[in-house]
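Contents: one structure, followed by commentary.
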């Protein structure tokens, strides 16, 4: 009977498992009624209404509010990929149907493209598109409305539902190149919101990297921090008998930050290298499989130098001898070069393999650091300074490093060594007290590779390098180190340089040492500190009664380090300690609550995503985030307290911030009371937008930094400054110094200039992807995390009393002030009105004109501060004798006036009078033009806002010619090769027809010609020659060009042979379907035959009939290039556009190549309105995808550096793409009818060898070898040893698949070998099996086969996707290819609940039947695990892992062999059910 009761419980658990809930959570639900800690650790929570105290439960077709005290699996939620909210019990994501907003919210399949599934938190609100928020109706139904409703996580403390965001898990091994997991993913019919072990023999956690594993078969193992607490698990390797583990991720391709994040998730860090022995161990395990790998070396802390990401001291250096100063300064992340085992600096956004390291003995350094902060009273000889049982003496007789060493040794001391941050603090204070700026310390190196050692013989356990240090001086074997006063940082110096130096020796510690602090208090510097262990509210702790005289204030990183060591002895998990920082008045700025004198905030040490909100009080945290600061509720939260009091009554130094009254230099700007000046560098004034690091370097050239806001008043000023310069409707984003680049800063945000973070700049910004480590500022007081490599404008900040430097490249311009697309120059030296009219003209500007009240306000605000130069300022207005004859000096009409009343009473005068503006009132008046006054000039950049009018009326063209843009075009590509022409022959043909070779004056004409080259394989002559490439053959100037970047004018290309370099060249337009070259221009031999051509001539206007094609209405259905397009007209959102397309049995248009783009460019120009296209993003603009599933690398953005402005894309009237909010209303959409193609079955699976394989159609490919550089012959032999062949490309689909996979490796791979050979006899290229190369891609021109060197080999150049000849001895990556060899095993298909509605009775029957089967099996097995995976007699293949081989990976999951290749039901399913683009069905849930 007991067994049957247990079986009933198991039956219920089995039902939960079928619904997709994790086994462990299902077990929890059987015996707990409150949300468990395990749920929270997995990121699962229950959503509770803050006001109603009820919780959201997913029902059959609606969401309702239910009693929270009876939790079930349908109440469990989790944030998953792309900001989706996943319901564990319902196996679906919360979605909003934009087309039916009145409907209640419900669950949808998580990869649906027809429903809005993205949500974000905003002050306890759950907000979706169109500002719709999760709300509740009176019947407790959950709906979307624009009213506010607040939600919290149902826990004992009522946490925030966004405290557990979805984080990218970067996969290990597998075949996904390290790409992050996608959650949820579907496997065997079930959706999984977490990594699983099912289907994997070794029971390691794994995930898919696309939403449906069976469709793409992309997967990898999950990082698991719990897998190696005391030993190295299967994915790690151990270094001999040490307790250090290494993980070689040589098939991954990640940026430095992504690699760093991957290692951190496993409890490790990117590789640090302590010495040559460790480097030798690493080199032996790389086996030259890859060229370069990421290591933990970086200089991402703007205030420090090079460092290891795990905090290991940087004393061993092995920089490559070839490294130049440029990359060393510009690139901030380090790599290990495999062949030379030397280090290089790289752009951190490059994608490379990486190595993780984990030290199982990581606590030893923490114990040592804690001891260094303990106070010890010390006695020293006269003139020596005591500190922590040692005595120090700064000697001011300047000596070389060796001289300093001998001098100290002669006094029975050593040249100072530094073993801790506590000693750095003492060093800084000693230098300040002695008024010294720099000193020798005892660190030096006399080795190659460089290995710094202390002259005292002590171990190097701590380093503290200055920015860009340690720099290895060229041609110097001996290197010596100094320390500077400002922050104690170290620099590498020439040992012969003469500096001050510090000697160090042992001191005397008295037996009865007294710290000077009361009992129970600890001393640090001049203060005593104590922990009050009683839990109190902030009001109680800060009252002065329990913590006398006050709570702790922290002023520096040194004091913070001391506090961290102090609380480490009592800090347990989830322990907190009050400090004096607070924002109780809800001002938005955190300040110290002190008794008496105000103390400014000089330093902050926030935890990740802190400060989370305004109006709170601050605690220091214990446990895993030891020492970090967090905001808590001042009244309700209880914590211990940190107290601070001076050792004795000192004369306190004035700590009030001094406000310098020096005006800002040059054209930097500030406001009264601010200690800093700011300058906005916007696109109108600089050559290009810049990345965050480039912008910071730009500011540093002026002696400044990217802007920081040390006070809320500074942010207010910058916001007003931006409003004064730019139209508020402009979506501009500016880099500021806010960043979290420093890997040692635990993911917390900081200012690049070291200013304290005093405000909650990123309220509820929980969705901060690993790639977004820098912040941009918008003019609505909003900070947005952004990818540091993206390009933006920027703002610099400099202290008011610091004079900016002027870099050599800086071209000083008079201090013009920018305001809404115009600039203004204020001349403070008075002169007559006529003089300034001449001066403004000489400066290529106009006398000031004022066209609006806003411009009037801007001018008045500026001259108000310049009143000392004069009250009256000339403007560009004059009047004659008659009052109504008044106009601006540039001839424009007066459309805005702001006259003083006195003007109306003025007596008319025949004398000419000129107009001024008052700096006091802003009103206008008149004055004698000869009176000298200050004045204002204005220069305007004219923006064209209307199309050019047609030069003539529409005409006609001869038969066979194409009419476009009031010209006639003839595209001629003869089918008979004998009729193809030279450039001269083509020009003669065109002249004979009354025209010339084409001259292209605009992007629109270029698009028209390009669209008419679709399907052609022959390039065409156009009317340009190299002898005069600035004029067309018809004499018109070249005002538009479309040259190929790979074919620069007058520079021989890589295919050019020696005898071709001096022959005449003429221009061709490429018809190559590769979008890198489609429509591009390039030069070739004018005398070469074999090309088509394009003629043009003027239209015929003698006849009066109008060309119908150019003026008639555009039909709603158009055919082009094997596609059918439909035009939808009317105002609509992106979602409504998609719905309208589907009503026409179509999809929002995808644009796969340059030909279709050219067609749509011409079409949109005719339509005259912007139109939606099918492009959208779910990751804040990192990647955009086509809604119909099309995958193409082709893009046509207006500006690749454009700011990300929304999740959906449209095409403008020039065809260019822009992003905008999906809820915006545009005037139409472009659809295309999707052709339903029957999917071909490609049976068989990839066999397992020493490399992993990815299947495409009927073949398997090894991409792990692309990082293994070999000669052609070695690569060919390697593939043969694997039972495969070197890559041969048979068709365009295969070529697209290969490029998509290869582009994931980024810049790590440039070329791979192709299995082709050149036949010298007949000058042709053939595959190695003898078949011809029907699929080829030579780029702009085919190589000259007659002048090739003997026996060349062929590579695929990945960035352009073209083929290229290269010597066979070169070392390149390669891909092996073979037919899918393992036959698929027949299995019955599984159907998940998300695909059908299962009646309750049938479900119960199946559960009962399954229960009986499980009971029988349990009786048979007796001791077997009831949930062990059952395997029948299908002959399933279980691959064995062997991680000792660097490139040996597992790529076949057990389930791969259980595919049903004969499933006719699935094969014949309607297209609307099988295509991802049509997944918008709600998920129905069984009760």
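Here the Cβ of each residue, glycine as well, is placed from N, Cα and C on the backbone.
According to Swiss-Prot, the feature compositional bias 'Basic and acidic residues' maps to 1463-1475.
Contacts of residue 93 (disulfide bond) defined by a Cβ separation under 8 A and a same-chain sequence distance of 6+ are given as 80, 84, 85, 86, 87, 107, 108, 109, 110, 112, 117, 184, in order along the sequence. Under the three-state DSSP scheme, residue 93 (disulfide bond) falls in the strand class. Residues or ranges marked as disulfide bond in Swiss-Prot (evidence: similarity to another entry): 93-110 (among others).
Residues annotated as disulfide bond in Swiss-Prot, with similarity to another entry given as evidence: 181-207 (among others). Secondary structure at residue 181 (disulfide bond), as computed by DSSP, is coil. In sequence order, 81, 168, 169, 171, 195, 207, 208, 209, 220, 222 make up the list of same-chain residues 6 or more apart from residue 181 (disulfide bond) whose Cβ falls under 8 Å from its Cβ.
Classification of residue 195 (disulfide bond) by DSSP places it in coil, neither helical nor stranded. Marked as disulfide bond by Swiss-Prot on the basis of similarity to another entry: 195-222 (among others).
Per Swiss-Prot, the feature disulfide bond maps to 263-356 (among others); the stated evidence is similarity to another entry. When Cβ atoms from all protein chains are considered, those within 10 Å of residue 263 (disulfide bond) total 26, not counting its own.
Here Swiss-Prot flags 480-495 (among others) as disulfide bond, drawing on similarity to another entry. According to its DSSP assignment, residue 495 (disulfide bond) is coil.
Packing around residue 774 (disulfide bond) is summarised by its Cβ count: 27 other Cβ atoms lie within 10 angstroms of its Cβ, all protein chains included. DSSP assigns residue 774 (disulfide bond) to a strand. Annotated disulfide bond per Swiss-Prot: 774-788 (among others), in sequence order.
The disulfide bond annotation in Swiss-Prot covers 840-937 (among others), and the record cites similarity to another entry as its basis. The Cβ of residue 937 (disulfide bond) has 25 other Cβ atoms within 10 Å, all protein chains considered. The DSSP secondary structure for residue 937 (disulfide bond) is strand.
Under the heading disulfide bond, Swiss-Prot lists 914-929 (among others). Counting only residues at least six positions away in the same chain, the Cβ atoms of 833, 874, 877, 878, 879, 926, 927, 928, 929 sit under 8 Å from the Cβ of residue 914 (disulfide bond). Classification of residue 914 (disulfide bond) by DSSP places it within a strand.
As annotated by Swiss-Prot, disulfide bond applies to 1066-1086 (among others), with the evidence given as similarity to another entry. Reduced to three states, the DSSP call for residue 1066 (disulfide bond) is strand. A sphere of 10 angstroms centred on the C-beta of residue 1066 (disulfide bond) encloses 26 other C-beta atoms.
Residues or ranges marked as disulfide bond in Swiss-Prot (evidence: similarity to another entry): 1208-1222 (among others). In sequence order, 98, 116, 129, 1133, 1134, 1135, 1176, 1206, 1207, 1208 constitute the residues six or more apart from residue 1222 (disulfide bond) in its chain with CB-CB distances below 8 Å. The secondary structure of residue 1222 (disulfide bond), as reduced to three states from DSSP, is coil rather than helix or strand.
In this structure, residue 1279 (disulfide bond) is part of a helix by DSSP. Cβ neighbour count for residue 1279 (disulfide bond): 23 (other Cβ atoms within 10 Å of its Cβ, all protein chains included). Positions annotated as disulfide bond by Swiss-Prot, on the basis of similarity to another entry: 1279-1376 (among others).
DSSP assigns residue 1368 (disulfide bond) to coil in the three-state reduction, placing it in neither a helix nor a strand. Neighbours of residue 1368 (disulfide bond), defined as other CB atoms within 10 A of its CB across all chains, total 17. According to Swiss-Prot, the disulfide bond annotation covers 1353-1368 (among others), on the basis of similarity to another entry.
The annotation domain 'Ricin B-type lectin' is assigned in Swiss-Prot to 42-165.
Per Swiss-Prot, the feature domain 'C-type lectin 8' maps to 1256-1377; the stated evidence is sequence analysis. The residues of the domain 'C-type lectin 8' (1256-1377), classed with DSSP into helix (H, G, I), strand (E, B) and coil, number 32 helix, 34 strand, 56 coil.
Mean predicted confidence for the topological domain 'Extracellular' (27-1396): the pLDDT average there is 82. Marked as topological domain 'Extracellular' by Swiss-Prot: 27-1396.
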Residue from 774, 937, 1066, 1086, 1279 whose C-alpha is spatially nearest that of residue 1368 (disulfide bond), among the disulfide-bonded residues: 1279
Three-state secondary structure, which DSSP defines for residue 480 (disulfide bond): strand
Sparsest-packed among the disulfide-bonded residues, when each Cβ's other Cβ atoms within 10 Å are tallied, from 1086, 1376: 1086
Least surrounded among the disulfide-bonded residues, given as 195, 207, 1353, when other CB atoms within 10 Å are counted: 195
Lowest local Cβ density among 110, 222, 356, 929, which the record lists as disulfide-bonded residues, within 10 Å: 929
Number of Cβ atoms other than its own within 10 Å, given for residue 495 (disulfide bond): 21
Cα-Cα distance linking residue 1353 (disulfide bond) and residue 356 (disulfide bond), given in Å to the nearest integer: 37
Local Cβ density at residue 480 (disulfide bond) - other Cβ atoms counted within 10 Å: 29
Proximal but sequence-remote residues of the same chain as residue 840 (disulfide bond) (Cβ under 8 Å, at least 6 apart): 846, 847, 876, 935, 937, 938
Inter-residue Cα distance where the pair is residue 1353 (disulfide bond) and residue 1066 (disulfide bond), in Å: 30
Nearest-integer angstrom distance between the alpha carbons (Cα) of residue 480 (disulfide bond) and residue 774 (disulfide bond): 35
